[in-house]
Amino acid sequence: MPEMPEVEIIRRNLVDRLKGKMITNVEVLLSRLVKWPTVENFESMIIGRTIADFKRRGKYLLLELDNSDMLVIHLRMTGRLCYVSEGDERDAYTRIVFHLNNGDVLTYADTRTLGTLYAIKKDELWRISGLANMGPEPLSAEFTIAYLQEALKSNRGKIKSFLLNQKYIGGLGNIYVDECLILSKIHPERVGNSLAVDEINQLHAAINQVIDAGINDGGTTFRDYRNGNGEKGSHQENLFVYGRNGLPCRFCGSIIEKIEVGGRGTHFCPQCQK
DNA sequence: CAATAGCCCTGGTGGC
DNA sequence: TGCCACCAGGGCTATT
């Protein structure tokens, strides 16, 4: 489940090899993954273009083309990008193939086919509402304690749901949300506007810390995530609560519980998190 | 307006 | 060993 750290690792691993390469052909093997425009126009907008830059916003990957059009990719649950040489074996779940002018290939693979791809003009990015309406992301200058305080002030939903909502903070997903809540000792069902100032300070620090640790560990691989070179991350070895239900808390030894919050599996320590 | 439930989609898993 | 219900969850849409 790629979240911001995983998507960032993919970007870092691929940026140097993709920049300056021309896309000479595109094979769309599963057309429903292309959300905009039509598959035909998707192909014609991309074929013959050179990749000018490879950026990221939240969980979206942004390939800027030399005419300022953009190839936007969201991996959702099981999307994987992998850079391979022409004759190399491709992922069994390859759905879209981008051929490059040096003979190499960028494959988009996706087991559950929930991922989304767009070819879009720069002034039409509003069409991708999740991208256009995304809040500031962790580790950015815009993501300040004051911002978090202001956003939480009138929020009457559960803190877990708040953190998962990309319009408030861009890039967090289910794994890192559970992790930043244990680090800040906040129960996932606490109401947003009930957080005290010191709790908001701790939450802000924990969000940045968790995302930074995830990037430093090369991301979290439970099953599907790969880093752009087909390799797994290692942050799953350093998690405090996610996937650790029934195991002792690393802080206090209490048994980690799993509940459902906002329709998502939620792991927490009943002793540490109040 | 905001919170929430439902939906998409496939493979791994656990129960019987 | 085989079958099947269920779960994983990001983000969009419909509903309350």
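Backbone N, Cα and C atoms are what each Cβ position is placed from, and that goes for glycine too.
Taken from TrEMBL, the feature active site, schiff-base intermediate with DNA applies to A:P2. Secondary structure from DSSP puts A:P2 (active site, schiff-base intermediate with DNA) in coil. Around A:P2 (active site, schiff-base intermediate with DNA), taking its Cβ as the centre, 30 other Cβ atoms fall within 10 Å, counting all chains.
The annotation domain 'Formamidopyrimidine-DNA glycosylase catalytic' is assigned in TrEMBL to A:2-115.
According to TrEMBL, the active site, proton donor annotation covers A:E3 (among others). Around the Cβ of A:E3 (active site, proton donor), the number of neighbouring Cβ atoms within 10 Å comes to 23.
What TrEMBL records for A:K59 (among others) is active site, proton donor. The secondary structure of A:K59 (active site, proton donor), as reduced to three states from DSSP, is coil rather than helix or strand.
Look at TrEMBL and you will find A:R112 tagged as DNA binding site. Listed in sequence order, A:R76, A:M77, A:T78 are the same-chain residues six or more apart from A:R112 (DNA binding site) with CB atoms under 8 A from its CB. Following the DSSP three-state reduction, the secondary structure of A:R112 (DNA binding site) is coil.
According to TrEMBL, the domain 'FPG-type' annotation covers A:240-274. Residue counts for the domain 'FPG-type' (A:240-274) by DSSP state, with H, G and I taken as helix and E and B as strand, are 0 helix, 12 strand, 23 coil.
According to TrEMBL, the feature active site, proton donor maps to A:R264 (among others). Sequence-distant contacts (6 or more apart, same chain, Cβ under 8 Å) of A:R264 (active site, proton donor) comprise A:K160, A:L164, A:N174.
Summarised as a single figure, the pLDDT of the domain 'FPG-type' (A:240-274) averages 92. Residue environment of A:K59 (active site, proton donor) contains 27 other Cβ atoms, counted within 10 Å of its Cβ in all protein chains.
A separation of roughly 6 Å, to the nearest angstrom, links the Cα atoms of A:E3 (active site, proton donor) and A:K59 (active site, proton donor).
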